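Features of the protein shown, as given by Swiss-Prot:
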TRANSIT   1-57  transit peptide
BINDING   128, 255  pyridoxal 5'-phosphate binding site
ACT_SITE  222  active site, proton acceptor
MOD_RES   222  N6-(pyridoxal phosphate)lysine
């Protein structure tokens, strides 16, 4: 390049004489198998004679720096099929950079709450990640029961009784190309995070998201490609709102960035939720629909429906709520510039939240898996 001269010197050690030997610039660097501690200096000179001093670290030094960087994190245990084991050292909770989930987004994930020593809706979330993996054409590294056993054991090793279990299925490490054909094998990762499951029943404001919604083929897969979701959330926060609401091209309400939505209409007697055809099928949302039948039995609600909901109808609803495993139900009192109902938290959202919390604490074995600590 005209006007720019490069002078790279990498000081390595000769194994016999321990004298420094210059290594010319190539496409990569070849290091001796045994090295003493050293500092590599990469000199890049141009008209301004700039230089940088970048240390080359031993594996021990890398580990020590990672421990400092991870200080205070509540990461209690991680499983990686790459090493086929569980670690409780946060500094060791790393992924290969050549994993296609990292550099190509070819991976899917899911989560399950840990509540009082039980995994809530583990089977439902596990079924969903397996569907997502199939749609993303990611082969399974293990069968379903083995994956479930690994997830439960990871929580058991962590000792966490209240927190979150997150897990991923990836095309796996192999190279930095687009196709996964050279990936060694698909991978499973899982991590246990200690969190405070705080319930906030205070109503929030939402806004209509201007970020393009994912097409159904991708919206129905819980993949790691969350850039639209992140941008939607950032847009909402910049407008002083809790979340953004996506609307499909036909004008029907879709979902939030990581939650479903529901409405109470017809004088507070009907619970309606947008169809799941073009959005991610929410496990907590589906469980809420099941629990809502108890309100029908008590005469509090007349019907529970899954149907198309227009923005106009949604904004005219008596109540609106967001539903997701981390919330789990949050009332919405304002959408854009319009108040929902009376502009305050409604009774149905509270009743559904109470039912869901009771289900999390003492629900049937179909939704609660005991962790053997």
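The backbone N, Cα and C atoms fix where each Cβ goes, and this holds for glycine too.
A quick note: this is a predicted structure, and the numbers were derived from the prediction, not measured.
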Same chain, |i - j| six or more, Cβ under 8 Å of residue 128 (pyridoxal 5'-phosphate binding site); the result in sequence order is 110, 222, 281, 283
Residue 128 (pyridoxal 5'-phosphate binding site) -> DSSP, reduced to three states, gives helix
Here the 10 Å Cβ neighbour count for residue 255 (pyridoxal 5'-phosphate binding site) comes out at 29
Row residue 222 (active site, proton acceptor), column other C-beta within 10 angstroms, all chains, value 22
Reading the DSSP string in three states, the entry for the residue listed as 'active site, proton acceptor' is coil
